[in-house]
Each structure stands twice: as structure tokens, then as C-alpha cells.
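Colleague: One structure follows; several queries about it will come next.
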Amino acid sequence: MSQHVKSPEPTESPKPRQKPGAACEECRRRKLRCDRRQPQCRLCEASGVECQVITARPSRGPKPALEGALLQQSTTNFSGPTDDHPLDTPMLDDQIDLSGWQLPVMDDESSLNGVYAASKANSSSGTIMTNAGSGVNSISPPHRSSSIPVELTMPDVGSHIKGMENVEDICEPKISDLIQADLDQLYFDRIHHFMPIQHQSCYFSWRRQPIKTEAQSCLQYAIWTLGASVSALHENIGHSFYQYARRGLEALDSKNMSLASTDLEQVQAWLLLAIHEFMSVDFRRGWISAGRAFRLIQLNWLHGTDGWDLTRAQTDWIETEQKRRTFWMAYCLDRFMSMRTGSPPTFSERVAIRLPCPEANFQNDQPILMGFLSDALAADTSITSTFTECIVVATISGRALSHRNQCLAGDLYFSAVDDFWNRHQWINAILTQRMEAFSAKYPLDMQQQTDPMLLFISLMWRTIILHLYQTMACVIPSHDEKRDLVTEYKKRSSAAAQEIVDLTNKLSHLNSLKVHPLTPIPLSLCVEFLILYHKPGDVFTKQLQDITEAMRNLKRFSNLGQEVLQLFDDQLLTTSPFQSSTVH
């Protein structure tokens with residue numbers, strides 16, 4: 001039986017990945033794929049910039065004429081051998097003593113800066129000026145005369161440095177008025193509720209001005225950075241805003257200014273960039289940026305007391321209230337991040353700064369006299385805003401952290417066990433009182449459904465319980481007479497862990513772009529607790545799976561939980577018992 005072999009059918013050539021034609025300059029600058037649409041691509045149309053396409057570009061590669069000129073020049077320079085440098089003798093043989101070379105030795109960073117400054121000023125002569133002002137030839141050993149031209153032995157350092165600076169310069173992003181308004185609205189709709197430090201009327205009054213201070217310009221782009229980060233439509237342009245804002249803030253920090261000249265907008269911009277970096281860059285970068293804001297606050301905001309005068313001009317009250325809110329936002333960020341890292345907080349809770357007023361009073365320019373933090377911690381105090389609730393839970397978080405650090409250093413300072421129990425009962429009493437007051441004002445269904453800020457605060461309350469139990473379990477020995485209290489608190493921590501899992505399951509019903517940006521912090525601490533105390537097949541195992549699944553769903557919007565997720569994955573792959581370690 002004859003077999004018929006079918007000839008292979010011609011296959012269509014794969015479609016090219018890019019459309020024909022050249023990409024526009026804006027897409028090339030941003031390293032994005034251009035759709036090559038005419039007369040404007042979609043990116044340029046959305047950004048409001050001119051769509052410019054350059055088709056005639058200079059040819060690249062080696063240039064024969066230039067190579068010939070360089071070869072002729074080098075031949076001319078080496079055509080006449082001198083007595084000091086015969087052609088058959090290497091320039092750097094074993095008989096040349098290199099120890100006598102007069103190369104500049106850099107003792108510190110200031111010397112290096114001086115050398116670079118001198119090199120730019122003397123690049124035409126090919127010498128480097130030391131601090132003493134003596135010219136040192138680039139590579140000429142002592143007592144020898146070189147016939148090699150300086151132009152070949154010492155490149156133009158100044159021109160190289162200038163070229164690098166030009167490459168690193170970041171142009172101010174240009175966007176249309178429509179996109180600007182959209183980014184402002186996104187910020188106040190999705191970010192301001194978590195960071196209520198901006199007075200909207202004041203912001204828009206200076207934002208629309210053609211001339212702004214450097215600090216205001218940095219704050220504007222920091223706001224747009226966060227606005228773009230919570231928008232699926234504009235997230236591709238947020239990085240250019242971030243780079244421009246950060247470069248401007250670094251330039252401001254490098255200026256030699258007096259201690260009392262820090263602008264409010266400069267501190268606010270650093271805080272906003274820190275939040276963005278925690279979410280989208282990495283923890284270390286965000287922690288350093290937050291530290292810059294903390295130091296600026298410490299320089300000139302914590303001196304004196306917050307007075308009783310409500311008769312000052314309206315603009316003065318608004319600025320003072322913005323400073324209060326900016327400080328308390330930094331205070332909360334400081335304590336929540338310290339809970340994650342285990343490091344001591346930067347700010348003390350004993351500050352003479354009044355609590356922020358209700359949001360309605362703030363935005364409507366209605367001055368009201370608020371109390372201090374000690375007043376809000378009292379058992380019978382009714383708290384008027386979720387921002388103040390956040391400050392209270394941050395304060396108790398800091399006390400729990402300080403309690404643990406004192407226990408770890410107890411052997412060095414001969415701390416007695418009685419001191420531990422006194423501190424624990426003091427913290428636990430205020431924790432129970434404020435947690436009950438919070439639950440009475442905001443029922444559980446309200447915490448789960450309407451307000452991501454309330455959900456975050458509720459998670460933090462229960463995380464403090466887990467934190468206190470871990471401290472007890474590590475410090476109290478098994479033969480202690482109060483070991484029964486440890487067992488009782490373990491039951492309370494198990495219930496708190498289950499409540500955290502229940503609250504976490506509600507995250508799937510929320511828009512991920514509206515979730516509190518620091519939500520991975522309590523979730524990470526809960527995962528560490530469950531990893532430490534779970535046994536295969538027990539109830540903690542199911543809780544661990546649920547909470548890690550929720551964290552994976554938030555992975556796209558926040559980088560804060562990456563390390564603990566990796567820790568969980570490593571735990572699944574290993575059969576050795578888990579040993580606790582600090583995860584940053």
C-alpha cells in the first residue's frame with residue numbers, strides 16, 4: 001500500500017513584535033513600547049506632550065577616518081625613540097620603582113571632592129590638583145620624562161563627569177491639566193484618608209500658582225506619585241513623578257540652611273515618598289526616607305509647647321494644624337514600622353503637641369481646642385476621629401515594643417520578674433480599655449465593611465495581643481508561679497489570631513487599591529506568630545493558609561509582606577523545626 005506523504009503547508013511568518021516605523025522620542029525616553037499611532041501615540045496624547053518622531057539618526061559604529069587619524073597620531077608620537085624610553089624596553093618593567101609615584105592619596109571624602117573639583121578646573125592640562133595645590137602628572141613616574149601626550153594618558157575627567165551629570169538629570173514631567181486634576185482627586189479619594197495631613201483648599205491654592213517653592217514642587221509630585229500608584233490607568237507614569245520628587249528633595253537636603261528653615265511641604269513630601277517606597281520600591285529605601293522626615297521634624301518642631309491661643313489668624317491656625325497632623329502621621333509610621341523591625345521608636349510619646357482636630361473642622365477652617373495624648377489614653381475619653389484612634393493604637397504598640405526590649409536587656413540591668421509583670425499588667429489594662437471603647441463605637445460589622453482605616457486599626461489591636469504573648473512566652477520560665485497567667489493569655493492570643501484571619505478574609509471584598517498601605521504589617525506579624533506556634537494539622541495551620549493567601553493577593557500593591565511570605569515558603573520546603581528570627 002502506497003503512502004501519501006503530505007507536503008508541509010506553508011506557515012505564516014510570525015508577526016513582528018513591533019509595528020513598522022520609529023518610536024517617538026517620549027516613548028524612547030521612558031523606555032516604553034510605542035504604538036506608533038499618528039499624529040500622536042496614546043502615551044503622548046495622555047501625557048499632553050508633543051509626539052516627536054525622528055527618523056534620520058546619525059550612523060553608529062566605528063568611523064574609518066577617525067581610526068586612521070588616531071593611528072597616524074600615535075605613529076608620529078612614537079616614531080622617535082628617546083634615550084629614556086627605548087622602543088624595545090617596556091614602559092613598566094620590573095626595574096621601575098613604583099613606590100615613588102606621586103599619586104594623590106585620599107584620606108577622606110573631602111579630599112576626594114577636592115580632587116574632582118580640581119580635575120574639572122584643570123582638565124585641559126591633564127593634571128590633578130592635590131589639597132596642597134601641587135600639580136601631579138597623571139601616570140608619569142618620578143625622574144622620567146614621557147613623550148606620550150597628556151591627552152592620550154589622561155582622559156578629560158571634567159568632560160566625563162559633566163556627561164554623567166547630564167545623563168542623570170531628570171526633566172520635569174509634563175502632563176495635561178486633565179491628568180493633573182485626576183491625580184489630585186485620586187490622592188484625596190484613596191490616600192488622604194490614611195494620611196490626613198493636607199488641607200485641600202490650601203493645597204489647591206498654591207498648586208495652581210505658576211511659581212512654587214522647591215518644597216511645594218516636590219510635594220506636588222509626591223502627591224501625584226501616590227495618586228498614580230493607586231490608579232490602574234496612570235500607574236505607568238508614576239515612576240517619573242517619583243524620580244523627580246526624590247531628586248528635588250535630595251537637592252533640598254543638600255543645601256546649607258538654618259535649623260529653623262525646614263518647610264512643612266518638605267517634611268510632608270518625604271513622608272509621602274516613604275509610603276510609596278514601602279509599597280512599590282523596597283523596605284530599606286522607605287525606612288531611610290521616613291528617617292529623613294523624622295530628623296527634619298526633630299530639628300525644629302519639638303521645641304516649646306502647643307499653646308491655648310485660638311485667636312490667631314486663620315492661616316496661622318491651618319498651618320499649625322497641618323504641622324500637628326504631619327507630626328502625628330510620622331509618629332504613627334515610626335511606631336508601626338518599629339513593630340515590624342523590632343527597633344526602638346524614634347519619637348517619644350511624651351510630647352507637648354495637641355492631638356489633631358476632627359477632619360470636618362480641619363477642612364472647613366473651624367478652630368477647636370484639642371487635648372493631648374495622655375487625655376486620649378484615659379479610660380473614659382471619647383475619641384472623635386479615626387486618626388486619633390490610629391495614634392492611640394500606635395502608642396500602645398510602642399509600649400508593647402518597649403516592654404519587649406526591656407525584657408531582652410533585663411539581664412544587663414538586673415531587671416526583676418516583678419518589673420516584667422508590673423509593665424505587662426499596665427499595658428494590658430490600657431489595651432483592654434481602649435480596645436473595648438473602640439469596639440463599642442465601631443461595631444465589628446462596621447470595621448469589616450465600610451472603612452479600610454477601621455479595619456487596619458482593628459488588626460493592629462489584635463496584633464498587640466499576639467506581641468504581648470510572645471514576650472511572655474520568651475521571658476517567663478516554666479517553673480514561674482504565675483505560669484497559669486501565661487496559659488490564660490495564650491488562649492486570648494489564639495482567639496485574637498482567629499479574629500485577625502476573619503478580618504483578613506474581608507479584604508477580598510474591598511478594592512485592593514483602597515486598602516490601607518500598612519495592612520501587611522499586622523498580617524506579617526500574625527503569620528510569624530502562627531508559624532512559631534502551629535503544629536501540623538492543628539487549627540493554626542488553616543489560619544496560616546488563609547492569611548498568607550490574603551497577603552499574596554496584596555502582593556501587587558505592597559512590598560511590605562514579601563519577606564514573611566518567603567519565610568512561609570521556606571517553612572513549607574523544610575522539615576526542620578522553625579526557629580524564630582527577626583524579619584525586616
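The backbone N, Cα and C atoms fix where each Cβ goes, and this holds for glycine too.
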Colleague: Among 1-24, 73-96, indicate the range for which Swiss-Prot gives the feature region 'Disordered'.
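Modeller: That would be 1-24, per the region 'Disordered' entry in Swiss-Prot.
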Colleague: With helix taken as DSSP H, G or I, strand as E or B and everything else coil, how many residues of the DNA-binding region (24-51) land in each class?
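Modeller: Helix (H, G, I), strand (E, B), coil: 12 helix, 0 strand, 16 coil.
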Colleague: Across the whole of the DNA-binding region (24-51), what does the mean pLDDT come to? Round it, please.
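Modeller: Here the predicted model's pLDDT, averaged over the DNA-binding region (24-51), is 83.
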